[in-house]
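Feature annotations, courtesy of Swiss-Prot:
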- 1-257: region 'Sufficient for nucleolar localization' (REGION)
- 1-54: region 'Required for 28S ribosomal RNA processing' (REGION)
- 98: N6-acetyllysine (MOD_RES)
- 305-414: region 'Sufficient for interaction with MAP1B' (REGION)
- 321-414: domain 'BRCT' (DOMAIN)
- 447-508: region 'Disordered' (REGION)
- 451-491: compositional bias 'Acidic residues' (COMPBIAS)
- 515: SUMO1 cross-link (CROSSLNK)
- 515: SUMO2 cross-link (CROSSLNK)
- 537-586: region 'Required for 28S ribosomal RNA processing' (REGION)
- 562-586: region 'Disordered' (REGION)
- 562-577: compositional bias 'Basic and acidic residues' (COMPBIAS)
């Protein structure tokens with residue numbers, strides 16, 4: 001008895017996907033509008049597991065979307081706005097062609113617009129979800145805020161991104177939320193902890209832009225359109241959590257200090273934004289909260305739980321100390337250093353910062369202030385040093401933040417070769433190569449003084465070089481003596497055995513030396529034997545996986561040893577060069 005004939009590609013995975021062209025026709029949108037809608041709604045293409053089945057036997061390259069995603073887009077109200085905008089462009093073009101200027105003005109006044117608020121709420125049901133997805137939004141907004149006012153993107157978008165990023169930086173300063181900073185080739189990486197969520201973003205350096213031609217700025221502008229809406233909501237909620245005014249306002253005392261020099265910098269319409277962007281003044285609060293230290297209740301607990309709580313308490317104390325790293329210090333920035341990045345970092349850790357009044361609005365004190373403790377310079381020998389303050393290069397600020405302590409300033413004086421700038425985002429595991437600079441930093445964090453390590457190493461190298469010849473001779477003599485003694489013992493033992501064999505006597509028990517058992521070595525041997533037996537009892541798949549893991553560990557150890565050898569060779573070359581310079585006649 002025959003069944004119904006089954007047709008190909010009418011069930012299974014072939015019915016779960018749809019090509020981009022079919023989806024676009026279903027929505028009645030052009031390709032740029034379809035792409036824009038997918039970006040705003042967070043709909044992305046999918047790669048089917050069986051592409052040939054989905055493509056109905058064809059092997060042509062096509063982009064596929066899930067049908068349920070396209071059905072989800074059918075009910076989006078923005079689709080109608082896109083259609084209205086298409087009609088608006090057609091009418092506007094016709095009015096321009098007929099030179100009907102009244103109609104042109106009327107159409108521009110009634111230009112269709114839309115909001116993305118409902119999409120933000122739809123994509124991020126909770127505030128924590130929005131914070132977890134804030135990395136890309138911040139990076140894109142910081143990038144657009146540095147763009148010049150060219151035809152690549154709208155001026156309003158650049159100004160909006162600048163305002164939102166300045167607002168977020170002010171929140172980080174007020175909440176003391178900054179944790180890590182790293183200078184890279186791409187830009188400056190920041191990590192802030194906002195409501196327990198780590199947020200990492202990158203801010204480009206303040207260089208002139210050379211716009212590449214192979215970048216689609218329309219796609220970037222669409223992402224930025226969504227990200228600015230998201231960041232606006234996030235900033236509003238974050239400011240509410242700290243009882244700060246939103247839009248942000250500068251405190252009345254700082255406002256009065258800046259009022260004296262306001263007219264010389266900008267117009268009234270621009271001065272408030274310039275003052276906010278200076279990052280040198282605190283923000284006004286709705287209600288100033290009373291600072292009370294909340295003490296945790298103590299309950300009788302087990303020993304293990306108590307140890308965990310003690311570790312947690314120490315971690316919180318270290319974090320609070322890190323937040324007040326620059327508290328009580330006054331910095332002055334020279335005009336050649338990156339002002340905004342340094343001001344943001346110093347203010348995030350409780351320090352006071354200022355600069356020359358002719359450089360930017362927002363300077364709070366002059367370079368002649370007697371309370372200045374550190375002056376950040378990047379050009380040696382440009383000014384007369386003032387007693388009572390340290391002159392350091394900008395890297396000192398970044399390294400102090402990552403080290404979580406105030407580093408010695410001797411290695412950061414103007415004109416001095418700077419130490420390597422280590423990344424705080426790298427955490428070494430067991431078996432990894434740890435550079436000597438990181439070991440020195442770890443020693444400083446433990447409270448040790450690694451200042452004389454290099455001198456001791458150099459002295460040891462010098463002593464080793466002086467006694468190198470004598471040591472080689474002594475080692476050779478010792479080896480000859482040991483070899484001679486071992487040969488004599490073997491000859492005596494062999495001759496005794498030969499005499500017993502020839503005499504026909506039974507082998508006698510010979511007196512030996514008592515050997516003490518090494519318990520630690522026996523325990524290691526038992527452990528290695530148990531491990532070997534456990535490996536023998538493994539299944540084939542488990543043994544293969546174990547061998548892969550051990551191979552990876554051995555490879556990591558080999559790479560670490562190779563790096564250590566390279567570093568040792570480099571240090572030896574540098575030491576020999578220094579030694580040659582010392583011994584060279586003047």
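Keep in mind that glycine also has a Cβ here, set from the backbone N, Cα and C atoms.
Worth saying up front: this structure is predicted, and the values here are computed from it rather than measured.
Cα to Cα, residue 98 (N6-acetyllysine) and the residue listed as 'SUMO1 cross-link' are separated by 112 Å. Mean pLDDT across the region 'Required for 28S ribosomal RNA processing' (1-54) comes to 85 in this model. Counted over every protein chain shown, other Cβ atoms within 10 Å are most numerous around 98 among the recorded positions 98, 515. As a summary of secondary structure, the compositional bias 'Basic and acidic residues' (562-577) carries 16 helix, 0 strand, 0 coil according to DSSP.
Sorting each residue of the region 'Required for 28S ribosomal RNA processing' (1-54) by its DSSP state yields 27 helix, 4 strand, 23 coil. Under the three-state DSSP scheme, residue 515 (SUMO1 cross-link) falls in the coil class.
Sorting the region 'Sufficient for interaction with MAP1B' (305-414) by DSSP state (H, G, I as helix; E, B as strand; all else coil) yields 42 helix, 14 strand, 54 coil.
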